[in-house]
Amino acid sequence: GTTPVDIHGKPILSKTGGWIAALFIFGNEMAERMAYFGLSVNMVAFMFYVMHRPFSSSSNAVNNFLGISQVSSVLGGFLADAYLGRYWTIAIFTTIYLAGLIGITLCASMKIFVPNQDQCDQLSLLLGSCEPAKPWQMLYLYVVLYLTAFGAAGIRPCVSSFGADQFDERSKDYKTLLDRFFNFFYLCVTIGAIVAFTLVVYIQIERGWGAAFGSLAIAMGVSNMLFFAGTPLYRHRLPGGSPLTRVAQVLVAAFKKQHVPFTRSELVGLYELPGRHSAIKGSGKIPHTDDFRCLDKAALQLKEDGGNPSPWRLCTVTQVEEVKILIKLIPIPACTIMLNVILTEFITLSIQQAYTLNTHIGKLKLPVTCMPVFPGLSIFLILCLYYSVFVPVSRRITGHPHGASQLQRVGIGLFISILSVAWGGVFERFRRGYAIKHGYEFSFLTPMPDLSAYWLLIQYCLIGIAEVFSIVGLLEFLYEEAPDAMKSIGSAYAAIAGGLGCFAASIINSIVKSVTRNPENKQRSWLSQNINNAKFDYFYWLLTVLSIINFCFFLYSAHRYKYR
């Protein structure tokens, strides 16, 4: 049932797949990540400086865009596993993504889509006296922005799984190839992010917003052509039918037989098809486990079920085990939500910090929006040194052939993320005290010449290392542990965790603003737009406490989890 086929659904006769096929897929992911990060770092500034939206509402709008683009990945995973297959899902949604990027480029290039920019200097922006965008202009921007989010929803859960499908699971070095694939896959993600934080920002400064967003559309268009060019080389897995329907059948069948004891005399046994093949297309058989015994009742075969039972009354053991696996996987990606909260907060808050700092390297002045490139550079460095440094050293400690298990890597990343956000609080307390002491309390967009922005590199590099270990380990964990016919749904778990992290960041921001602001006493919120009289350090330490609690829950969940 798991035999790979060609694009026409026929068994593969010629040599396909492998690293050459994966390279075409890497290109598509690199362009998608370049567009994703290019929008995330530039859209806040675009809404503030061009659309004249307040900085806080611009940040929340972008956070919601990032969240929707990831949470809706479950839709792409569902379509891929149920009906379209991963190739056609990527092909359709990457075209939608391109259409959204073209729409954003038109918005930034044509004056009709933006408010009047005359007599809108920096002081007017600070006072909020610039002409605001008309409702229909914001509506157009939101429509094309969320069109790209919808396109990303179909790409993200499928690209890593489709790339991993290119390797033969019967080969002796399959585990090693898969481990290297996910590391190289995330290296491509990182390269896309680095280009977005450097080249795209440079284009924006030199050529304007239209050229910057247009470069993202061009990159996406070129990657689409490369992806389609690799079509003859790809290995495919047949879609196994609706996974949500199978889950619903298990739940309904288990509910109908909830009062049937396992010792009933009319009991035939647990139902499974005879022979080697599974009832689910694209899936091998899954052995029975003793977890979630209540769900086993969906597979209890009674004499009254007859010879051709309805799947809404009797399910196979494999179908029941699919549902068990999906449930058992949930706590691990759920523990990475807090990591994604920190990543989301760093994208917006650290840029606000950087506006108050000196970003010069010698005579070269680095644009503030380039600052998020440093986590990407640290990720790039770690991935390049991973097999030559980390694996040999950790192998001596753990005895694991790959240096550390997938869950150990996730745990290492979560621990380092705690150090990152804690350092962020320490440095922010020093930065704010320095600003007040030297008379910059009300000049939050004026850089302080004697305080370097490169102190931010410590938290940037730490969060980059955390991301390498946690996200790469999580992607490999979900692909290997997910049921055969639900690989895209499994990969969507990681994207959903990322999306929930974005939403959680917006919710936490709103709660903190509401709780810490007191207009009667003229008390500003911790996240006041003027960072020099806000309390960003308190906010970072709040995130540190939440991260420690989350890490303890992860240790408990990882200790209880049993690998398939």
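Glycine is no exception: its Cβ is also placed from the backbone N, Cα and C atoms.
Taken from TrEMBL, the feature transmembrane segment covers 34-52, 64-84, 91-114, 139-159, 180-203, 209-229, 329-351, 371-389, 410-427, 453-479, 491-512, 538-558.
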Taking pairs 6 or more apart in sequence, does the count of Cβ pairs under 8 Å between the transmembrane segment (491-512) and the transmembrane segment (91-114) hit 3 or more? no
Pairs of Cβ atoms less than 8 Å apart decide it: which stretch in 34-52, 91-114, 180-203, 371-389, 538-558 has the most with the transmembrane segment (209-229)? 91-114
Taking pairs 6 or more apart in sequence, does the count of Cβ pairs under 8 Å between the transmembrane segment (371-389) and the transmembrane segment (538-558) hit 3 or more? no
Taking the transmembrane segment (180-203) as reference, which of 34-52, 139-159, 329-351, 410-427, 538-558 has the most Cβ pairs under 8 angstroms? 34-52
Ranked by Cβ pairs within a distance under 8 Å of the transmembrane segment (538-558), the first of 34-52, 329-351, 410-427 is 410-427
